[in-house]
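Input: a single structure, listed below in structure tokens.
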Amino acid sequence: MAAAQTSPAATLVDVLTKPWSLDQTDSYMSTFVPLSYKIMIGYLVTIYFGQKLMAHRKPFDLQNTLALWNFGFSLFSGIAAYKLIPELFGVFMKDGFVASYCQNENYYTDASTGFWGWAFVMSKAPELGDTMFLVLRKKPVIFMHWYHHALTFVYAVVTYSEHQAWARWSLALNLAVHTVMYFYFAVRALNIQTPRPVAKFITTIQIVQFVISCYIFGHLVFIKSADSVPGCAVSWNVLSIGGLMYISYLFLFAKFFYKAYIQKRSPTKTSKQE
């Protein structure tokens, strides 16, 4: 009997050029997951040695490039939010709040929400470039920054194939925040002065994002433990890791907010996330 032949994994070109197929995308992501670990390690190594290399060099003048970079991410986030948020509200109005993070509906299989949800996950790879701008411009790379970028990237990639329903909230919140945040950073890159409350507002909406996420994850833990919503699309491995991740984000950003705006040690500093 001839051995069964295994079909080759789908490629990035397949996902981008062929009609949307969740099976095809999952096939591609199965090969991208191991690569994501290598990318994360390369990212951390580049930060370390990049700072060493820049220690005795003049900072690069990347003002216009950085502005375009941030405007690009703001535009991408705005378009993705426009494509994904209406579906969230549709499920919310039709089936209620709990259903919006328990029921998948056709979130992953629909050609529009499926593609833009996947595009969001993949965007976390180029977002790592935010840190390279800090390194090349000899700006501080604080723990909160690289920890958030690295962990969000790997978590998004590794958990994609789980097709969790709560992702519609995670993506909607993150994209809404990033649309505003990256636009702000683009404006600041051009040395355009903004009122101090704007920076405070950016950090505040980041914290609100994590508060909402922590609430949803907390409720999902209760739902999963009591099996109060049969068929709720959430798994323990994703829930436990994601819950700890969001709690750590909330702690770090709240601590930053306290130091930057309550203790008033850094009058012009704002946090930059993914």
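Keep in mind that glycine also has a Cβ here, set from the backbone N, Cα and C atoms.
Residues or ranges marked as transmembrane segment in Swiss-Prot (evidence: sequence analysis): 29-49, 73-93, 115-135, 140-160, 170-190, 201-221, 238-258.
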(message) At a threshold of under 8 Å on Cβ distances, which of 29-49, 73-93, 170-190 pairs most often with the transmembrane segment (115-135)?
(response) 73-93
(message) Need a quick answer: max count of Cβ pairs under 8 Å to the transmembrane segment (29-49), which of 73-93, 140-160, 170-190, 201-221 is it?
(response) 140-160
(message) Looking only at the recorded stretches 140-160, 170-190, 201-221, 238-258, which one has the largest tally of CB-CB distances under 8 Å to the transmembrane segment (73-93)?
(response) 170-190
(request) Verify whether three or more Cβ pairs under 8 angstroms connect the transmembrane segment (170-190) with the transmembrane segment (238-258), leaving out any pair fewer than 6 apart in sequence. (result) no
(request) Could you tell me what the rest of the chain brings near the transmembrane segment (140-160), counting residues at least six beyond its ends with Cβ under 8 Å? (result) 26, 29, 32-33, 36-37, 39-40, 43-44, 47, 51, 118, 120-121, 124-125, 127-128, 130-131, 134, 238, 241-242, 245, 248-249, 252-253, 256, 271-274
(message) Six or more residues beyond either end and a Cβ under 8 Å away: which residues meet both conditions relative to the transmembrane segment (201-221)?
(response) 98, 101-102, 166, 169-170, 173-174, 176-177, 180-181, 184, 232, 234, 239, 242-243, 246-247, 249-250, 253-254, 256-257, 260-261, 270-271, 273
